[in-house]
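Undergrad: Below you will find the structure I want to go over with you.
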Amino acid sequence: MPLLRVPFTDPLPSPKIIPRTANTATGAIAALVDFLTPSVPSSTSASASASAFQRAFNRQDAGVKSGRQTVLLTGAGISVASGLADYRGTNGTYTLNKSYRPIYFNEFCESHEARKRYWARSFLGWTNLHKARPNAAHRAVGRLGELGVVGRVITQNVDSFHPAAHPSLPTTELHGYLRALVCLTCRNEYSRDTFQKQLAALNPAWAAFLEEMLATGALDTENPDERRKKGLKTNPDGDVDIPDAPYTTFRYPACPTCLAKPPKKADGSTVAVQVDRDGAWTKESNGGILKPAVIMFGESIPGITKTAAEEAVDEAGRILVIGSSLATYSAWRLVKRAKERSMPIGVLNIGGVRGEETLLANIPLGNTGREAVRCSENADKILPQVVKILESSKR
């Protein structure tokens, strides 16, 4: 049986700020500018002194061309300002909801009841995710791409804010996306908006409850304390938990492609896809199950996605982590890869980061951010200011 890697859920140690001057917002901005300056196209170097420093840095480490672009690795923390919950921040799911346990891929595939519970919670949470929009940090990332500083983004997030905010800056969605579903049988994708309407039609009582929650404002906030007052708990990936809810009554549709033309199995038999009179998937079926197009816990990342992320790291001169604790192995290994390639590493994340004492070890004395930076600030407040400084250097 293959090793199942699960994310850390325990609190991580507090960060060691690098350089020490990055312990304030102003200091963090200065350190990040220093970190990103080597990726600025030579014609837009911040200053003559910065160019001299860059040449010296290149001589010290010929293995990493500091003139190459920066790759960004982003996590849930960058989307908090858009109204979404994170995992391990002050108001993160794992911080405030110690009993939270995400659904695992094998559970979703094997259990009709588990899917009912998943889709019921997702049905209630989709409204907030659907109406949320990219924030200032996502837009700043796009501007860094336009300036030639950032060449690619790798994101753990499934909210699709990066592609929406900067469609011209390539983004690898490491863990998939919630904007679509994928059939476990035929592998065709299906619109989540259409699926949401079908869920409402199949579950009128749940749809009425959702309307009630919207009317009372229970879903207008991601503040866990406010939601709990109304009997709700905030969880990642746009789902909502309702204590003692009758999840077993929830119904979900079958894949329309498989339903219209049931595919063949490897042995030549036909996949059984059956629905009730309203079109809801029934347990007599052995296929046609729609799953969110995200990588669930216990599910493997597609090889093409894994390779794209690795190549993005290999082609960059440095890596900047934004809003991620690197608790999932898929993200941590990419920064480890950068470390093994002697790439400068930067981290902008509130709270601890997995293995940062190793990833950010052996920093030269006198570092002002060029070789490494670690700050604990809000990305939506810091990144736009960093962009302004880099823009002024270009002018």
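Every residue gets a Cβ built from N, Cα and C, even glycine.
According to TrEMBL:
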- His175: active site, proton acceptor (ACT_SITE)
- Cys183, Cys186, Cys255, Cys258: Zn(2+) binding site (BINDING)
- 55-393: domain 'Deacetylase sirtuin-type' (DOMAIN)
- 220-240: region 'Disordered' (REGION)
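Relative to the rest of the structure, where do these features sit?
TA: Within 10 Å of the Cβ of Cys258 (Zn(2+) binding site) there are 22 other Cβ atoms, across all protein chains.
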Undergrad: What does the structure give for the C-alpha distance between Cys258 (Zn(2+) binding site) and His175 (active site, proton acceptor)? Integer Å is fine.
TA: 25
Undergrad: Counting every protein chain present, what is the number of Cβ atoms, excluding its own, within 10 Å of the Cβ of Cys183 (Zn(2+) binding site)?
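TA: Excluding its own Cβ, the number within 10 Å is 21.
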Undergrad: Where the distance is taken from Cα to Cα, which of the binding-site residues Cys183, Cys186, Cys255 turns out closest to His175 (active site, proton acceptor)?
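TA: That would be Cys183, the closest of Cys183, Cys186, Cys255 to His175 (active site, proton acceptor).
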Undergrad: Relative to the Cβ position of Cys255 (Zn(2+) binding site), how many further Cβ atoms are located within 10 Å?
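TA: Total other Cβ atoms inside 10 Å, all chains included: 27.
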